[in-house]
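Below you'll find the structure, written out as structure tokens, and then a few comments.
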Amino acid sequence: MSQDSQHGKWSISSSDDDDEDPLPSSGSSSKPGQAADSNHSSKREPVAAAAVVKSEPNNGAASLLAIGSEARQAAHASQLNPVKYESSPSMAGKRKKEALEDLGWALSDSDDDGAGGEKGKSLRDLPKRSPPSPKAKKVKEERPPSPHGRVYYIDEPQDFFEASVPHLNDTYRFYLNKVTGLDKKFNTGALHIRDILSPLFGTLKESVQFNYCFDIAWMVQQYPPEFRDRPVLIVHGDKREAKARLVQQAQPFPHVQLCQAKLDIAFGTHHTKMMLLWYEEGFRVIINTSNLIRADWYQKTQGMWMSPLFPRLPKGSPASSGESPTFFKKDLLEYLASYRAPELTDWIQRIREHDLSETRVYLIGSTPGRYVGSDMERWGHLRLRKLLYEHTQPFPDEESWPVIGQFSSIGSMGLDKTKWLAGEFQRTLTTLGKSSLLIKRLVYSGGSLPYSIQTAQKQLWLHSYFHRWKADTTGRSHAMPHIKTYMRTSPDFTQLAWFLITSANLSKAAWGALEKNNTQVMVRSYELGVLYLPSAFTFPVQRNPFPVSSSSSGFPVPFDLPPTHYSTKDQPWIWNIPYSQAPDTHGNIWVPS
């Protein structure tokens, strides 16, 4: 089986037995087959994807689509250096090492160089290289902080960060991040990490940062000066060399402590992105999609749920006090207990002492393990299925309501789409109450993916589902979507049946996969998100969500509806094949090592 493209013919293996991809060239610590994200020198950075799952009763075959954005700048350090486009036809065949000598880029023949850079740093923050010699061409000058040159990061204007409590939509408590360079109205009601950690939301005593990627020095600078020495616990999933780099990053900051999440199943990651903030006034939870690196809070589209400020319960309150109608408190405590980490013991007790009853969303987490019996519904997509079954209702013509999934990375799903995507995962996403209608038609939209040729050639059926990333209503069409959202909309895209924001990309590692004739589910990674259901909300779509004001109503979907199908000229981004026939919007071409 083969397919021709501008990149040559793709040969398709006849074997689909292995479920995981081969590793990218050394220098990336992402595991094969996972859909993880990052933007630094030692981890592969994913890019935008989205999906629409839709019933088409009159068509017997599944069809595919893609949501895209501009091509990624980053995969890992030794492969991210773009080649400047020139009209000369000979340019396309040159290795990026040769092409970039005049630009001052220090490139090595070894793919291992670049993996050892300080973890948590993006390409823009990579360390300096040694000087060139006749045998090894390396420049002494400082390496440019990004493929776009030394001035890629621009300083935010003085009024970018809030000086007073911002206008926020307290109905849904769902917010986008601020994006540098946007018209001010598109950042009104959005939040930067510096806003979240500011005294506007409470007098901080301690905090916990759960995440996948860290730049600790940058993270510390986001805390205001008055809170900058308050204790911070970092929960991470790094091992071996990556862990050693993280420990090294933390050394200058004695108030920063580390907690390693247990990852006992191969190819799993600690992908959860959550902040626990303990104030003198109470306690708050932030569940978001951003890594703790500057690039993720700069010019990408990200999202978050910010809890209300939870007050402390009166002393002597019963253990069941402070629970919400969505059982958020119980589920959060259960999720934290799954880490089996002594470092979280005090935080578990603090949460027990606070009143979380105002919470209106449901928590959906994934934790590594193999689960049987009733435990199968505790985590991953079976947890989502259970909540949709219990808290939604079937309605007339429900098969015409599409399910949209928008994510920043895609895992390996194999030659046969019914193995997982069009099987168990589709059944979950299309559950509406007790009807559990099985939709057999799929429309998937994906984007500019950290998608390898090895994965792509095993699932060519996916590529016809792709749609473009387009977010004119939020001003973010050119802000790379690192956000992950799943939702079900009315046929005219004016109402939502439910909405989920999560760290989970489209992969079995994130969502779990059934095993042993559907009697067991296996989950590889830690993930976390919140689900909005009609039992707590009404769901009109807010067509123009910015600027946010006290009169804003409707749910602020982060991208334009309906999604726009790829044209015949569009192709999904594949990180390990060359793009040398034309430049991207920054004048670069891509020639991987």
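One-based numbering along the chain as shown.
Quick reminder: no glycine exception, Cβ is built from N, Cα and C everywhere.
Whatever TrEMBL says is automated annotation, not expert-curated.
Lifted from TrEMBL, the feature list:
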type: REGION; residues: 1-58; note: region 'Disordered'
type: REGION; residues: 71-149; note: region 'Disordered'
type: COMPBIAS; residues: 116-128; note: compositional bias 'Basic and acidic residues'
type: ACT_SITE; residues: HIS271; note: active site, nucleophile
type: BINDING; residues: LYS273, LYS484; note: substrate binding site
type: ACT_SITE; residues: HIS482; note: active site, proton donor/acceptor
type: SITE; residues: SER507; note: site 'Interaction with DNA'
Distance from HIS271 (active site, nucleophile) back to the residue listed as 'active site, proton donor/acceptor', taken between C-alpha atoms, in Å: 13
Cβ-Cβ neighbours of LYS484 (substrate binding site) (radius 10 Å): 31
Inter-residue Cα distance where the pair is SER507 (site 'Interaction with DNA') and LYS484 (substrate binding site), in Å: 12
Recorded positions compared (HIS271, LYS273, HIS482) - highest count of Cβ atoms within 10 Å: HIS271
Inter-residue Cα distance where the pair is SER507 (site 'Interaction with DNA') and HIS271 (active site, nucleophile), in Å: 12
Separation of alpha carbons, LYS273 (substrate binding site) and SER507 (site 'Interaction with DNA') (Å): 17
